[in-house]
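Residues or ranges marked as active site, nucleophile in TrEMBL: Glu418. If you look up TrEMBL, you'll see Tyr196, Asp282, Val283, Asp284 marked as UDP-N-acetyl-alpha-D-galactosamine binding site. The Mn(2+) binding site annotation in TrEMBL covers Asp282, Asp284. What TrEMBL records for 920-931 is compositional bias 'Low complexity'. Sequence annotations record features per position, and here TrEMBL assigns region 'Disordered' to 915-934.
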Amino acid sequence: MSTAMVTDRVHENLWWEEGLEWTEDMKVYYVSARKFEAVGKTQEAQELYASLIRKIARVESKSKDWRVHHFNLLAHQAHILPANESMQFYSQAMEDCILADELKSSSRWPGWGLSSCFAVVTSLALKLDAQDPGGQRLPSSQASSAFKLARRLSRRSELVWSLTWPKLTGRVSTPATSVRRAGKRVTLVSVASGRYNEFVLPLIKSAKEFFVSACCSLRIVIFTDQLDEHVERCQRETSACIGVVFVRREELGWPLSAMMRYRNFLDSWSLLEDADFLFSIDVDCEFVAPVGEEVLEDLVGTCHVDNAFYSGEEKLSAVTRMEGERRWEEGSMWSQAELIQARKRSKGQEHKNLRPSAAVYERRQASTAHIPPTRGQRYFYSGFFGGSRASFLKMIQYIVRAIEDDLARGVIARVHDESHVNKFFELFPPSCLLTAAYMYPEAAVLLDELLCAPLSFCPRDHMHPWIWRPWLPDAWPDPRTWTPDMWNSRPMMVPRILNLAKPKNSLITGGRGGDSVYRYRLWSSDMHIGPIGDVKRILRALGMEVTDKSLSSHCHVSRTCATDLKVLTPEALEEVIHLDGTRARRSRGEEVRERFFKAYRSDEEMAKVDMIICSHPLSMCELYLPLGKPMLLYSTTRFDLGKLTSREELERWIKTVRAIASKKTNLLLANNLYDAAYINYFTGITPDVIPSLCRTSHKLLLPPSRLQILLDVCDSQRCPPFRQQGVASLLRSLRAAGASAGYRGELVDLRELYPRYHPSDLVRHPAIVWLPYQVSVMSFFERRAMGIPVLVPSLRLLAAWHMQHGLVFERRADWQTAQRRRGSLLPPHPDASEAIKDWDPNDERNASAVLTWLSRADFYSMPHVLQFESLEHLFVLLETTNFSAVSASILRHHASLELDVHHKWKKAMRLTLGSRLPGSSSSRSSRSSRSSYREALAEEYPELTGLY
Ligand SMILES: CC(=O)N[C@H]1[C@@H](OP(=O)(O)OP(=O)(O)OC[C@H]2O[C@@H](n3ccc(=O)[nH]c3=O)[C@H](O)[C@@H]2O)O[C@H](CO)[C@H](O)[C@@H]1O
Ligand SMILES: [Mn+2]
């Protein structure tokens, strides 16, 4: 190593070198290492760092104080030592940390040296703990003393950081709460200070659901100024915090709070370094769809949705004090809340905030983030980036140095840290470009204009691990030449990460009041958790939120039980929705509707609701009619469920559905073809079909680990008595056919194996043989989403079995009470489609009608469902099918379905809500003064006057 090479810059302006009593050779090692780093020679740099660390670790004569001062460096670099040596170093560092506790005020940037020291201790603890990866035993004695120390430090020191890990709290974790999957280790880091702490929990929850959950183990590290609050909450709600680490950081004020976060990451590098991949994310974000293996690449950048959001006139300012000031100036940069306002104002004409303009690169040479006018092709978000451990480290080291160089000269780059991120990507282009789907402005999801700009910057969308599709077909011409039709039919992005809408001023300064979030709110009081759970997730990705007050008996599973719903007790509900087909005291129905209306006509929470969703049963919406809110009827089972006690009742409900569907502000949809046709038969209306996605179960994309094929058939508990005999005889023939075919595999009853199953149980098996009792069920969509191959009887076989054994008994909403009635209560509607008019959907004795209607079942309309013509054929299929190929096809289909489903929802929502602002549905002031359900109904739906 030549000394000449380094002497010129030994004393370069790096604040954290000052005051260190380094020998000359240490300085040479250090500065040379940094030089190598700067030119991308990571290997050489690491060797030098390793030598330096060994030197520092050997210094015995110096005070402990001296050593503690070097933890920043040591903590960042110790991982490059061979495993044994680094472990040794960590042990040594741990002892020193006890001293560090007493030296807390000595650093120029209080807290940072010390916090990395503590980070070292916990790193050691985690590493030792990793020797027991299942996390089921208590920590080893060394790990436990490390944990103890960390805990003690976090209590005593005012510069605490803490680790919410079950073992830290002395709890023995159970396998269920500490599943660390095999595969890559991914760490997501974020910072939160001030009111941004509100975003922490939603970010954590959504990341756990959607971020790399299918492939990898995830650790989340949050740097916060409200550590105690988070830790306290975690002690109450342990499960939310498993795998989450909180680290104390100072509140530095805007914009330093954002700019200095990379300094935090670097200072606690020893806590992050054992990840294979790391990602930095803005805390005001939410994962709304799976983000998986496609982002696990060396260096990952996210394209900005549209440089147009910047007015291009941001005022530049310089800081003179390191503490910084709050420099946010209203109107100087885009705010998402503004988008909605802009949209309201613009009405056809272009608004300046929505106009594409040049990227906001830092063009001043005074800043290290400077990008020459001729350079810069893409503009990146700083809100989401990452990559392999080495690349991420290189990137944050680069940015920290650049920002601190700037700060030392009183310069702040144009868009703060984002300018530096852009500079880095200009020098080192990412190996993976993500479209703006990975950082989608929440308030813009329903807007069209914003989707155009990324085209010129982001040529492709990764979409899914299993489907990589070009962002736009090559054949499409330049977007500038598109016709309106092309705009409407073009492929669009499915938002994966939402950049949450927030009026920035009020969040940062705690100033201006008002709603902190601009979001469409939908309301549901459904009796089934499946459909609404699915819709909720999809709409969330469209920037909408569903208030879910579930009346289902399974609501504890989704934790959505209605607790404060007025009037709708189970008894009251029975008066208006007759699920079991009986109708005890008719007059009470009117009384319940009146009470419901009075309770909600001026309810504060209801006033903010933009739309009511009714799904299972659809007839729930009857209660909400006079509130005059937009309504979404999403039929996932027969639309007449609960309305089948008499002809009159059904007639009235049909008229109601027609009245609802005729209003522009309402939507009538079905999640399957059968229900769409069924609605058409009785009402003459043809609802659009948007299938369910059940996207949540993407986390369950595991290859099967068991050999048994599952048999899904209604068991003795689920089958109604009048079907049990038939099913039992069917099962006997099935067993016999298996035996005579010499089937060597195992076909086991699903519910015998798993009396109460979780989706993760099912993915362990190669396939499911399903003898359906219903034509459309949510579990079918769930299984599609998990890529589980399903085998069903062919249409002809199923129809035959249905005629013989009544197999698909649940297709009739009144199957429990009307089994002896032949056919429907009412004839088809005069407007019903000719194709189905002649076939009564509820006629169980007409084989042709049964065949016609069963053909619309989900398992016959979705591709890649295996069908067997006979029991013999079933066993041939079981022996010969390549299930993993089928599974891949299902997943591929489901991925493209996702795009389709998104576009359909988006279009539907834009049609109904697109012309109004969130929270503006109750426009008529007279509404709250209306006295009764009947009166209000007559006003909202004149055609229903007198019917209720
Ligand atoms: C999506 C995206 O690319 N966002 C970038 C953008 O604006 P944003 O408007 O998204 O910035 P922002 O206000 O969300 O701040 C960025 C981040 O800093 C943290 N924070 C900020 C303020 C505060 O009081 N407390 C706090 O903890 C928090 O993690 C937040 O997410 O420009 C910022 C710099 O101006 C950052 O580069 C952001 O990464
Ligand atoms: Mn942000």
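Any Cβ shown, glycine's included, is placed from N, Cα and C.
Where the annotation comes from TrEMBL, it is an automatic prediction and has not been curated.
Only Asp282, Asp284 of the binding-site residues listed as Tyr196, Asp282, Val283, Asp284 bring a Cβ under 6 Å of any atom of ligand 2; the order follows the sequence. Listed in chain order, the residues near the UDP-N-acetyl-alpha-D-galactosamine site other than Tyr196, Asp282, Val283, Asp284 are Ser190, Val191, Ala192, Phe199, Leu203, Cys285, Leu500, each with its Cβ within 8 Å of the site Cβ centroid.
Counting every protein chain shown, the Cβ of Tyr196 (UDP-N-acetyl-alpha-D-galactosamine binding site) has 22 other Cβ atoms within 10 Å. In this structure the C-alpha atoms belonging to the residue listed as 'active site, nucleophile' and Asp282 (UDP-N-acetyl-alpha-D-galactosamine binding site) are separated by 11 Å. With Tyr196, Asp282, Val283, Asp284 listed as the residues that bind UDP-N-acetyl-alpha-D-galactosamine, the site has a largest C-alpha separation of 10 Å.
Val283 (UDP-N-acetyl-alpha-D-galactosamine binding site): 23 other CB atoms within 10 A of its CB, across all protein chains. Neighbour count (other Cβ atoms within 10 Å of the Cβ, all protein chains): 21 for Asp282 (UDP-N-acetyl-alpha-D-galactosamine binding site). For the recorded site, Asp284 (UDP-N-acetyl-alpha-D-galactosamine binding site), the DSSP three-state label reads coil.
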